[in-house]
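*Asks:* Grabbed the feature section from Swiss-Prot, which reads as follows:
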{"type": "REGION", "residues": "1-272", "note": "region 'Amidoligase domain'"}
{"type": "BINDING", "residues": "Ser20, Asp153, Ile154, Glu155, Lys193, Thr194, Lys195, Pro196, Thr197, Gln198, Lys229", "note": "CTP binding site"}
{"type": "BINDING", "residues": "Ser21, Leu22, Gly23, Lys24, Gly25, Leu26, Asp78", "note": "ATP binding site"}
{"type": "BINDING", "residues": "Asp78, Glu146", "note": "Mg(2+) binding site"}
{"type": "DOMAIN", "residues": "297-539", "note": "domain 'Glutamine amidotransferase type-1'"}
{"type": "BINDING", "residues": "Gly356, Met384, Gly385, Met386, Gln387, Glu407, Arg467", "note": "L-glutamine binding site"}
{"type": "ACT_SITE", "residues": "Cys383", "note": "active site, nucleophile"}
{"type": "ACT_SITE", "residues": "His512", "note": "active site"}
{"type": "ACT_SITE", "residues": "Glu514", "note": "active site"}
Amino acid sequence: MSIRDGCSARFIFVTGGVVSSLGKGLAAASIGALLQARGFRVRLRKLDPYLNVDPGTMSPAQHGEVFVTDDGGETDLDLGNYERFTGVNTTKEDNITAGRIYQQLLAKERRGDYLGHTVQVIPHVTDLIISFILSNDDGADFIICEIGGTVGDIESQPFLESIRQVSYRLSKNFTIFVHLTLVPCVGSAGELKTKPTQHSVKELSSLGIQPDIILYRSAEPLPQYQSAKIANFCNVSADNVIPALDVESMYKLPVMYHAHKLDTQILSHFGMGAPEPDLTKWANVLTMVNNARNVVTIAIIGKYTKFLDAYTSLTEALDHAGMHSGIKIQVKWVDSRLPVRESDLHDVDGVLIPGGFGDDGVDGKVLAIGYARANGIPMLGICMGMQLAAIEFALNVAKLEDANSTEFNQACKNPIVVELPWLQKGEGEYLLGGSMRLGSCTYRLSADSRVASVYGSTVINERCRHRYCINPQYKNVLEEHGLSFTGMSDSHGLVEVLELQSHPWFIGVQFHPEFKSSPFAPHPLFTSFVQNVLQIKQRGFMHKSVSAAAILVPGSSVVS
């Protein structure tokens, strides 16, 4: 673990108490950004206590989005925040779950690696967790480890025991514990209660971990006497009781935490000095957020509209593009599982169809695509959104009867979308998890295409996550009717990009551009989309004369 100046990496462990979803991931990302702004090299990791091997097969309604890394990892959404805040690419080795730990453990036991010993949680499970924490520091000065779940959860105990052991082995000079809790506001008088924080710290201390810094989540800072109360009863320095206040934009968090000296206290704990952080780029982002003057409404048509964590990277990518273009993005969420009505779409300036799986809500997405295509509304389709754009075009323009995807109907007459050739089911067990095309891929764009103009290049790299693709047998017939396939994969010859050149702005991509957008470098595809949404709105190019009722969806009869 040697790094600059011959020192060892310092470890920052971020835990959470009272309730989940308090913002541990954003706190960890903010700490990373602040230390980075002081000239240090950081690496961030997430340890999840659930028994799934990875989040790839988990419902977004329960877990939120699956963030895909360059090397093909299906990881927790917090890794997306780590990348957006620090600009440091994460890998599949930066996210571990209890399921993956037990998978490794049982494989070792079957091989006989434990030489007849009784395999137990301690030391065998904890040793594997510790090995993950200490591995692959890549020359980082600080490794920030977020522990998923809440103190008190049974499944979290092996992870908490592991970080306790790391602290014991490396000494306090190389580890620090940051604990995030909730200070709820109770009653009509708005009284802030510190007792849940005290109980959470008591629970953590009973496991052998004494937090060094307490971040309390609250709508407003505590009065000095209540902050002192937390310090006294939680055995923490008063300077280390730091507010984690509600903010309008997550990109205000590093500035806010620095104002409350979080990074200063961390460095003080380690006895380290450093220059003041250069937060200019963060100040610039906040200025852009506050200075957006133009407003556009973009409809996102999806089936997880009540669980917005399912679309975290997507909405952030829209915001990045908007803030750099002086445009405020208003998202109109449309649940595709419900009947999508014309009234859901008539007042929007752009339509975005995100990725997804399964036939639930497909008809609503196809109807929205057709309405956007027919009425000149800018449309961006991602992953399944691109596949459905091809199906909608086949049904309503090429007039191909029963055009569909074999994902939804294996017996359809015109399978526009089919399973990837190398994934098609053969004999033996079919594994759903970890069996998709994943990670960074190289794509070649047609030189005269709109998308090549957007990227400023004919060769791009993007991250993908899919099991189905456009059927190459239908490429010619769809092109004959006006649909252009302007991007192909470099290695497999798959259709990766489509566009409708007769339309003001209509692009579908098989990959996930949202995973590579940041507040400091918005993704060019989202920037082009958002800017064209505004321009087309201002110029009045959208006519909206074609009724949604005229759009055929999969399973409809084709009218010649």
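A Cβ is built for glycine as well, from the same backbone N, Cα and C atoms used for every other residue.
Could you tell me the structural context for the features on the list?
*Replies:* Neighbour count (other Cβ atoms within 10 Å of the Cβ, all protein chains): 8 for Ile154 (CTP binding site).
Taken residue by residue with DSSP, Gly23 (ATP binding site) is part of neither helix nor strand, so it is coil.
In the three-state DSSP classification, Glu146 (Mg(2+) binding site) falls within a strand. Less than 8 angstroms from the CB of Glu146 (Mg(2+) binding site) sit Val14, Lys24, Gly25, Ala28, Leu44, Arg45, Lys46, Leu47, Asp78, each of them six or more residues away in the same chain.
Model confidence over the domain 'Glutamine amidotransferase type-1' (297-539) stands at 94, taken as the mean pLDDT rounded to a whole number.
According to DSSP, Met386 (L-glutamine binding site) is assigned to a helical segment.
Here Cys383 (active site, nucleophile) comes close to Pro354, Gly355, Gly356, Cys464, Arg465, His466, Val509, Gln510, Phe511, His512: these same-chain residues lie at least six apart in sequence, with C-beta atoms under 8 angstroms from its C-beta.
Of all the Cβ atoms in the protein chains shown, 23 others lie within 10 Å of the Cβ of His512 (active site).
Under the DSSP three-state reduction, Glu514 (active site) is assigned to helix.
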*Asks:* Including all protein chains displayed, how many Cβ atoms other than that of Lys24 (ATP binding site) lie within 10 Å of its Cβ?
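*Replies:* So the number of other Cβ atoms within 10 Å of Lys24 (ATP binding site) is 26.
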*Asks:* Please report the Cα separation of Gly385 (L-glutamine binding site) and Glu514 (active site) in Å, rounded to an integer.
*Replies:* 13
*Asks:* Taking the Cβ of Thr197 (CTP binding site) as the reference point, list residues of the same chain whose Cβ is under 8 angstroms away and which are at least six residues distant in sequence.
*Replies:* Gly17, Val18, Thr181, Leu182, Val183, Ile214, Tyr216, Ile230, Cys234
*Asks:* 10 Å Cβ neighbour count around Leu22 (ATP binding site)?
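*Replies:* That number is 19.
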*Asks:* What does the structure give for the C-alpha distance between Ile154 (CTP binding site) and Leu26 (ATP binding site)? Integer Å is fine.
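*Replies:* On Cα coordinates alone, these residues lie 24 Å apart.
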*Asks:* Counting all other Cβ atoms within 10 Å across every protein chain shown, which of the binding-site residues Ser20, Ser21, Gln387 scores highest?
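*Replies:* Of Ser20, Ser21, Gln387, the one with the most crowded Cβ is Gln387.
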*Asks:* Compile a sequence-ordered list of residues in the same chain as Gly23 (ATP binding site), six or more apart from it, whose Cβ lies below 8 A from its Cβ; state 'none' when nothing qualifies.
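*Replies:* Those within reach of Gly23 (ATP binding site), by Cβ under 8 Å and sequence separation of 6 or more, are Leu180, Arg217, Ala244.
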